[in-house]
Amino acid sequence: MEREVYMDYSATTFVKPEVLEAMNPYFTEYFGNPSSIYHISRMNKVIINKSKQKIADVINSRRDEIFFTSGGSEADNWALKGVAFANKDKGKHIITTTIEHHAILNTCKYLEKQGFDITYLKVDKDGFIDINELRDSIREDTILVSIMFANNEIGTIEPISEIGKLLNEKNILFHTDAVQAITHMPIDVKKMNIDMLSMSSHKFYGPKGMGALYIKKGTNIDNLIHGGGQERGLRAGTENVPGIVGMGFAIDIANKTMNEENKRLVILRDKLIDGLLKIPDSKLNGPRKNRLPGNVNVSFGGIDGDILLVILDDIGICASSGSACSAGAIEPSHVLTSIGVKSDYAKSSLRLTLGANTTDDEVKFVIDKITDTVEKLRKNKVEN
Ligand SMILES: *Cc1c(COP(=O)(O)O)cnc(C)c1O
């Protein structure tokens, strides 16, 4: 291997050293159970609230509207099941989209088995929902709409403010999976009329196994875990104090550096897209505008995406086809299928996501190596 190039920041990120440093004492020194009353525990209650405040500040919510979870998947599950079961007497209709993360889609499948009726909104060729189609899908018995803030495969940023405005007028609860969006764009849950929002710490340089769900005060939602009084009794269990501290530090750092970092990433992203599109018969998946700063997704006609990934891995490039969750699956990505990418192009897709350690030099290296590899794979095919 010539070098190690990590371009899969949407799958996960490393923990920043200053985040790890902040977490460390909470494993060994300040290990007290936050529910106990002696001094080492009292401190932990304080630090949990400080961490909640840091998260609340990033999305303009109240501190007591932040509930810790084990990650984005748990937050998504809780939002959907919690609202569905708590409001089932009001109605059993839920609206989502065809391009959600599996944490949403598979929860919806489960809810269908429980007797709920789910409408899956289609998206256009770039992955955007149609606000008119959403308006037309709303029924008397619609209790919840869940639409992701930004897509993890193709980077599409949905018109969240418009959606929030419509649903607020219709008095329907609005949940958004903001796992990819948070710390990459300004989010204001009050202005955007968001009732619930999922996030995950390991997507913004915090520890894995930590996330949060913002739940607007007054939202009718069932408990997730029954037990003690933690998380206002809604999600019981002794708090993951080191994880909570790490998540708070990580979101604070990422938010403070957001504008600068976005500018840098957009330049690198566009350079990478332009470089890869010079390869014959290559296509960009997802939009040029309203796209996540670090997301690149390109298909190369006639190439098997999984073979390409293995060769890139040999060279030292870590990338992904579709999304990490569907890698290895035989079917083409549900997101690419939804935006109308033909099966062979969907199977030849490559997702490269950029982040904190990505450099201009890495981008050049990756363009060179992919150009070479695609050319060689095509030549071999012709010769065989
Ligand atoms: C990563 C991701 C999740 C899942 O988060 P975990 O913390 O890994 O459970 C959910 N939604 C989106 C859009 C994601 O990118």
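Residue numbers in this text run from 1 along the chain shown.
Cβ coordinates are placed from backbone N, Cα and C, and glycine is handled just like the others.
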Check TrEMBL for me: it has G72, S73, Q180, S200, S201, H202, T238 binding pyridoxal 5'-phosphate, so pick out which one of N44, N106, N152, N285 it puts in that same site.
N152
What mean pLDDT score does the domain 'Aminotransferase class V' (5-364) have in the model?
96
In the chain carrying K203 (N6-(pyridoxal phosphate)lysine), residues 6 or more apart in sequence that have Cβ under 8 angstroms from it:
Y9, S10, T12, T13, G72, V179, Q180, I182
Within a 10 Å radius of its Cβ, which of these binding-site residues (G72, N152, T238) has the fewest neighbouring Cβ atoms?
T238
Same chain only, sequence gap of 6 or more: which residues have a CB within under 8 Å of the CB of S200 (pyridoxal 5'-phosphate binding site)?
G71, G72, S73, A75, V179, M210, G211
Out of S73, Q180, S201, which of these binding-site residues shows the lowest number of other CB atoms within 10 Å of its CB?
S73
Chain-internal residues, separated by at least six, CB under 8 A from H202 (pyridoxal 5'-phosphate binding site):
T12, T13, G71, K208, G209, M210
